[in-house]
Amino acid sequence: MLFLRLFFESFRFAVNALKENVLRTVLSLLGVTVGIFAIIAIFTLVDALNNSIQSSLAVFGNNVMYVGKWPFAFNEPNYPWWKYYRRPNPNVKEYKFIQENAKWVKHVAIFEDKRGKTIQYKNSSFEDGQILGASFEYNKINTLNIEKGRYFTSSEMQKGVQNAIIGHSIAEELFSREDPIGKTIKTQGQKFKVIGVFEKQGESLLNTPSNDELIMIPYSALVKMYASKGNYISPQLIVKGFEEDEGMEEIQGELRGLLRRVRGIRPKEEDNFALNKTDAIADFIGTVTGSLKIAGGVIGMFSILVGGFSIANIMFVSVKERTSQIGIQKALGAKNYFILLQFLCEAMFLSFFGGIMGLLLVSLLSFFSTEAFEISLNFQNLIVGLFISAAVGIISGIAPAISASRMDPVEAMRAS
């Protein structure tokens, strides 16, 4: 009961401090407001960035590894591209060899994509489309949600039947309100029958390939299309492992052994292929966003430090203005700890007010959300902001509170 009374009295004193000199108090709390805004805004934006990136990376699949000649590289100034350029591309023979011999591979597919292509239907055309040629198991590795129509049959994939599944944007651009299923489209001089339409995927923060601008065809159909023109293709293998293979260590070792075997690489010779984990992308981005959080925290702490001194100043002024009141309280039996806690709670409430203003400013960032980058203040960041505000208030109020609690009641009452 005593602490409830202390709590409400402290809250009343904090509100009175705001009312009596609004400008002074608001300016003093500005440091806390700016500091909380800086820290929580960075945390919120980084969380939004992480969510958007994870959504973008979903296109690469989970527990997936890519086999190609180019290793993933991040921030490598001396990337030896000339060395990797000479490497052979994966081929159908290697794809089938892995499919038949790998024990840790759940699914494997061979694919190649070509970007910046034009897709036509009658007098309409869609520019900058992406052609994806893939083998049958591709949809078991990457999620391909089909809104209308169907996926390829195994027979269609093997024979290279010129059927196609098109993206939502392509369907809207070429067919408008017309049903695209069964219609014939044309790209790279070849005709394809539409058998399906992908669900709308939306924008991606990393500008990763979107199914919306995609036309998917059998891999063998893509090979025929480009081979007939003498054009070069550079396929990759995409491999999905089992969930129990954490870190994909087993599948990585197995794939390395199988590829060296099928390519006839001698024991002392280095690999002429790259095994790329999608985790490498997430780890790199996690490092970057972690650094951003630290930088935002450091910047915000400087503002909070200024705000802490401002709150301490308000509390010292409050102690001086209420000296006689403190003396009366102590004369009526108030203990030192009661006075101490009273001023500490008051400082905490003042800091809370500043922190809440900062959090309100952070919540306004949601108005700048886009389809690819959704900003929202989550519960965790809200609690962190309130906790930091409370901690700043308590730390800033310690010196004034101790000063008030140690006052001699007689001397304090004489101060009036």
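Cβ coordinates are placed from backbone N, Cα and C, and glycine is handled just like the others.
Those TrEMBL annotations? Automatic predictions, nothing curated.
The list of residues near the transmembrane segment (21-46) in space but at least 6 beyond its ends in sequence, with Cβ under 8 angstroms from a Cβ of it, reads 289, 292-293, 295-297, 299-311, 313-314, 350-351, 353-355, 357-359, 361-362, 365, 375-378, 381-382, 384-385, 388-389, 392. Summarising the annotation, TrEMBL assigns transmembrane segment to 21-46 (among others).
Mean pLDDT across the domain 'MacB-like periplasmic core' (25-256) comes to 86 in this model. Taken from TrEMBL, the feature domain 'MacB-like periplasmic core' covers 25-256.
According to TrEMBL, the feature transmembrane segment maps to 294-316 (among others).
Here TrEMBL flags 298-409 as domain 'ABC3 transporter permease C-terminal'.
As annotated by TrEMBL, transmembrane segment applies to 337-362 (among others).
Sequence-distant neighbours of the transmembrane segment (382-404) (same chain, 6+ residues past either end, Cβ-Cβ under 8 Å): 32, 35-36, 39-40, 43, 304, 307-309, 311-312, 315-316, 318-319, 322, 326, 339-344, 346-352, 354-356, 358-359, 362. Residues or ranges marked as transmembrane segment by TrEMBL: 382-404 (among others).
Using DSSP to sort the residues of the domain 'ABC3 transporter permease C-terminal' (298-409) gives these counts of helix, strand and coil: 94 helix, 0 strand, 18 coil.
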